[in-house]
Amino acid sequence: MSTTPTIPTIKLNSGYEMPLVGFGCWKVNNETAADQIYNAIKTGYRLFDGAEDYGNEKEVGEGINRAIKEGLVKREELFITSKLWNNFHDPKNVETALNKTLSDLNLDYVDLFLIHFPIAFKFVPIEEKYPPGFYCGDGDNFHYEDVPLLDTWKALEKLVEAGKIKSIGISNFTGALIYDLIRGATIKPAVLQIEHHPYLQQPKLIEYVQKAGIAITGYSSFGPQSFLELESKRALNTPTLFEHETIKSIADKHGKSPAQVLLRWATQRNIAVIPKSNNPERLAQNLSVVDFDLTKDDLDNIAKLDIGLRFNDPWDWDNIPIFV
């Protein structure tokens, strides 16, 4: 039996270890998700980053449980992340949403549960529509609830105490929101997940968060690539990072692919990454992004690519002012 690669981990402030490289479940097709997760586990992946909003947690759970049943991996060797969607921020709905996730995954607990966005949509019952996405109970119209983030956070803290979640964290939060949340929290966020690629580097946010003892996971590591199939005009009008001369020249120098350079750029700075791939060779390549180091010149040249270009901005949904 072939040995699976050893993946470095980040020690979280909750005491747990989170793998530095994982498999992202966003936009993984329901028809193929179970097999993709199972094959990723066989390849050596241990971190799986999912969410209620992705609509594929049942299938992700099937892949996980098949691998556990076959003895490929033990549950405690996996690190499973999910995220609380915007319609479930009211404290009375938080556990209901988590229970739905646990039921779909067919697991007793998740390793990490994040607030997906600092946005409280109007509650939609699970039996009415799940996942609700942008549905707020009234066609295409957005409706909101007056739920402070700290109230949602306190509900998550109770679920840590109940043993249903090992670590709690946040996603798509700005420095000011984190600064405020920490002052009211009993349990500090273990992880911040953010959009992170050379076109959107956010160095001050990263410096603040890492100094505060909060680990960072970057999503959309390949920049516009993730958003092309969504027909995002911003992505379609942006040069792909895979073809960018700076990235290509660094890749050629190290004998690596542009994707590996983009992932190593993050992991070398202790930022976890969660790429996905259907291709077995790329799956393995994405996992082996800690066996080489970028030089200071490489890092300096990539730093010059930052133009503050964000592809995932709720302002585009309904003028929601998270990042204004």
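Numbers run from 1 along the shown chain.
Even glycines carry a Cβ here, placed using N, Cα and C.
The following features are taken from Swiss-Prot:
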- Y54: active site, proton donor (ACT_SITE)
- K83: site 'Lowers pKa of active site Tyr' (SITE)
- H116: substrate binding site (BINDING)
- 171-172, 220-229, 276-286: NADP(+) binding site (BINDING)
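The Cα of S171 (NADP(+) binding site) lies closest to that of H116, out of the recorded positions Y54, K83, H116. Reduced to three states, the DSSP call for S171 (NADP(+) binding site) is strand. Around the Cβ of Q285 (NADP(+) binding site), 17 further Cβ atoms fall within 10 Å across all displayed protein chains. Look at K83 (site 'Lowers pKa of active site Tyr'): DSSP puts it in a strand. The Cβ of K276 (NADP(+) binding site) lies under 8 Å from the Cβ of F23, G24, C25, W26, K27, V28, Q36, each of these being in the same chain and 6 or more residues away along the sequence. H116 (substrate binding site) and R282 (NADP(+) binding site) are 27 Å apart (CA-CA, integer value). Taking the Cα of N279 (NADP(+) binding site) as the reference point, the closest of the recorded positions Y54, K83, H116 is Y54.
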